[in-house]
Amino acid sequence: MDVKERSNQFRFFSLGGGNEVGRSCHIIQFKGKTIMLDAGIHPAYQGMASLPFYDDFDLSIVDVLLISHFHLDHAASLPYVMQKTNFKGRVFMTHPTKAIYRWLLRDFVRVTSIGSQSSNAEDDNLYSNEDLIESFDKIETIDYHSMIDVNGIKFTAFHAGHVLGAAMFQIEIAGLRVLFTGDYSREIDRHLNSAEVPPLPSDILIVESTFGTATHEPRLHREKKLTQLIHSTVNKGGRVLMPVFALGRAQELMLILDEYWSQHKEELGSNQIPIFYASNLARKCLSVFQTYVNMMNDNIRKKFRDSQTNPFIFKNIAYIKNLDEFQDFGPSVMLASPGMLQNGLSRDLLERWCPDEKNLVLITGYSVEGTMAKYLLLEPDTIPSVSNPEVTIPRRCRVEELSFAAHVDFQENLEFIEQINASNIILVHGEPNPMGRLKSALLSNYASFKGTEDEVHVHNPRNCYELDIECKGVKVAKAVGNIVDEIKRTEEEVVKPENDAGQSKEGIEEFTGKTQDVRKDAEGEGAIISSILVSDEKNFDLNLVSLSDLREHHPELSTTVIRERQTIQVDCKKELIYWHICQMFGDVSVLIDDDNVTNTKETKLETSRGMLVLQIMGAIRLTVQHNKAILEWTQGLISDTIADSIIAILMSVDSAPVSVKKSSNSCSHGHEHATPILSQPSETDKIKQVAELFKTQFGDSFTLILNKDDDNDTAEEKEDDEFVKGLITIGKNTASINFTDMCVVECNSNPLKGRVESLLKIGIDMVSSLC
């Protein structure tokens, strides 16, 4: 699957978990980066058939693999990917997930294999214990809320609330943010917090759809119903089988039962009705729950602090590794893994207890299509034996389903999706019918946005179907180095607080209003900062750096400074060249003046090289000696423009009319000619010329007020009208100009004031005499 590296196409590809629950594995690609999300197995199948469709994708191009949590349908094929394929990327999961994953996968290798029905089972396993150990050492851990950057792929883990260590990942590539929820829960239960909403917005949301549009009962109602079902069954002498995953929901259910048994000691306690947890992993993983108790909710942490004992050391629950330790006499409650009843202790107990009508099988988790747990919910008359499928066992026991699966229901999912507010939603981890109903419900919910910029697109791709979405990430440049201080100084100059000591309340309010107007004007105009924008195409970073900091912050960049040099033949005196340069440019520094051309020395040097060296606008060095003018400067946009202007002056200085007039004063003979004296332009004419410049710049926002003497005016009025006024009004910003003195009288906007003063300076130069 080829993806153009600089394309704006976001590609989503499910290798598993598309329109199904099980073997979750998704690929996302953007800007040449590839991320794999989860690597599970399908609990309804065995061996190679349980794997995601890895053959349909080149795993060698995967940069990062993120595991959301330790459940087998999300993590069990990870050792296969790392040891049996051409995968070369890095693998990340949270600390609790890695701690539990080790024990869970070791048990999976022991219990489940591709060749469980064959004599060569060990050779046919998906992977061995050695593969598991070797791959385990390569897995990297990530803390919640810490951002990891892997070659331009930035991702952050947030609490998902599904099981201990479960995480949802917000991934950012080139400004595009993708949120992958994994399995998540928005309900605060007895030991876990609810899933978090990331603070930063996401453009694409990949979200589970396990329960579709179904709605859960309130948790307290479910707990009450659970204890009532169990209590009534054991009171009648029956046994209760609760198939559970070894870790996760099992601990939640045990917290409920342990508390209930303690509250009903007379009837149930003191081993009258025993509770067993049949799992080889229980004791091994108990230390993990002890270690990470501070990652759980306030309720469990409070119990830990108050009692100084681990809440997961249960008083009324005993652990057994296998059925050889179990004395099956009288009523009891058994929590046994695996949760899908495909094999193991839970399947053995099912076959033993299902013929007795007094017994109860209580399904508390989600049942995947094709598993015994799902089949049992149909209440069949018989079930096949796991050791010999041709042998059937009568089913007379009761079967009840009471979901304690830590997955969101429709209302919780909808509220979360609305908070994320992504423009594209991709549904995963759901059977076709529930997922289809959820898609229809979401489209109906967002129907009012259809055809607008805020339209929300909902996708439910099947496995091995390529979904392409046109996306454009938001590019944000980060200022680094000295440029940061320059930006701060500029911001301070835009809005400078005035000294408000002794101001009245009205004065303070007026100043505050003016400050807000200035800020608005500054935001509109924008402060101009000169810097270099450096783009790291590999990591998708944009940095604003000053030229002086370039080598420090980007040593990988090579910089080149180009010096320009131009030589021009001139046939005029240095005095004339200097005069023209001074008339054109305001910043002219004299570096060397051997002949005192600039009249800056009291006497001329006795021995002169005849050299005149000028520094013009701080950028151009002009050397005039004999009949040659040499220009030297560092190449740049502004310096090149100034150099072009100087060259134009030097090329025309000897033929310009003003040069003839200027040089004619030095003639040796002096006689007067009757030449008419031309009238000089009046001050009013000059003001009108400058006012015309303002009219061109500001249009109808500018008004010129020419005061005329009136015999009826009082002395005070005549004194006020001594200067010609100009008024500029732009929204709430005003500027009053004194054209007589060519200055700004009053202005409530610093940016506007700066612009007016610049125009006044240009106007003064424009009407000033060249002679």
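The backbone N, Cα and C atoms fix where each Cβ goes, glycine too.
Binding of Zn(2+) 1 is attributed by Swiss-Prot to His69, His71, Asp183, and within the candidate set His162, His191 the record adds His162 to that site. Zn(2+) 2 binds Asp73, His74, Asp183 as Swiss-Prot records it, and from the list His264, His429, His457 the residue named for this site is His429. Cα-Cα distance from His74 (Zn(2+) 2 binding site) to His162 (Zn(2+) 1 binding site): 12 Å (rounded to the nearest whole number). On a Cα basis, Asp183 (Zn(2+) 1 binding site) lies 11 Å away from Asp73 (Zn(2+) 2 binding site).
Residue density at Asp183 (Zn(2+) 1 binding site): 28 other Cβ atoms are found within 10 A of its Cβ, drawing on all protein chains shown.
Take the CB of His162 (Zn(2+) 1 binding site) and look out to 10 A: across all protein chains shown you find 27 other CB atoms. Here the C-alpha separation of His407 (active site, proton donor) and Asp183 (Zn(2+) 1 binding site) works out to 6 Å. Asp183 (Zn(2+) 1 binding site) carries neither a helix nor a strand DSSP state and counts as coil. Other Cβ atoms within 10 Å of the Cβ of Asp73 (Zn(2+) 2 binding site), summed over all protein chains shown, number 28. His429 (Zn(2+) 2 binding site) sits 14 Å from His69 (Zn(2+) 1 binding site), taking the C-alpha atoms as the reference points.
Cβ proximity to the Zn(2+) 2 site centre (mean Cβ of Asp73, His74, Asp183, His429, cutoff 8 Å) flags the following additional same-chain residues: Gly17, Val21, Gly22, Ser24, Asp38, Gly40, Ser68, His69, His71, Gly182, Glu208.
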